[in-house]
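Over in TrEMBL, the protein carries these features:
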| type | residues | note |
| --- | --- | --- |
| DOMAIN | 68-280 | domain 'Porphobilinogen deaminase N-terminal' |
| DOMAIN | 293-365 | domain 'Porphobilinogen deaminase C-terminal' |
Amino acid sequence: MEILSSPFTSHASTLRSPFPVNFFRTGFVFSLPRLKTQASPSRKRGLAFTKASVAVEQQTMKSKVAIIRIGTRGSPLALAQAYETRDKLIATHSELAEEGAIQIVVIKTTGDKILSQPLADIGGKGLFTKEIDEALINGDIDIAVHSMKDVPTYLPEKTILPCNLEREDVRDAFISLSAVSLAELPAGSIVGTASLRRKSQILHRFPSLSVVENFRGNVQTRLRKLNEGVVQATLLALAGLKRLNMTKNVTSILSIDEMLPAVAQGAIGIACRTNDSKMADCIASLNHNDTRLAVACERAFLETLDGSCRTPIAGYACKHEGGTCIFRGLVASPDGTSVLETSREGPYALEDMILMGKDAGKELLSRAGPGFFGC
């Protein structure tokens, strides 16, 4: 596991914090030698100056001790999500605005290290979270910031995830230098993606296109490859482009009907240790409940399907105008020749939404039958 620390200065906030000023702070103790004789007035002034200097030094040293260490991947998008978390923490807890109070700790994950193979081939769960979770459990960081679509349906022991930030736009963006949509790409055009979900849905609707599956790297790398003509088009999560202020690169936006998003796409999750109640309370204060419930519904669907190997799965829950939850789920064969979809509607409440997700998953498992995914 590779860890790189980088402190960031935060601006002061005028918002009132529910925590005392020394809520998380680690202190330093300084003591002065006891005097045996009566000090002269000039010496008293010197002692007063010394005490003041020590107090200043003590406060300075305190400010250099991170109150919260945020663990994250090092990609521009992952860092943008860590900064968003930092800013929300500062806005909610004014003591965190002090210089050095929040530290960003960059951690390389397995998914970041192995770029030469498709994600489906390097297999397993937690390709982008495992090392960060290990750092959290070992006490190297205090909280972990994840893209929720990267988080396995189970959490490692000794960790909890009490917070989802408000979800960004869940749709996928189409980016091309030669066409305005997938439908306008000429037959044989190459579309680059690292997502089996996108690949299967593209091929299902446009079987004349060719999809390169190992189109990996951060957003900037993929756009560079597109500009170099490696592919004629690519699809990226609109949420990431918005967080990077890169929406100028978007050619068009695919509707939910055209491309059902990944489970938990656009959502950020913040985890901490199970036994760290103070940190749990701190990050829980940032939780966006509608997002949390929608993500729980989608993840219940994914968990029921137990997606593994080469399994294209998509799921999306949202609040309808009438206040109910609308859920849509999809499973597909990797080549896109077969796509199965289902939907549910019910109360926008945690237990009901989890049951909806599970029920939808059971239905698709039954309809797909043995061997559907070819694993």
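The backbone N, Cα and C atoms fix where each Cβ goes, and this holds for glycine too.
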Please list the DSSP helix, strand and coil residue counts for the domain 'Porphobilinogen deaminase C-terminal' (293-365).
29 helix, 25 strand, 19 coil
Can you give the mean pLDDT for the domain 'Porphobilinogen deaminase N-terminal' (68-280), rounded to a whole number?
92
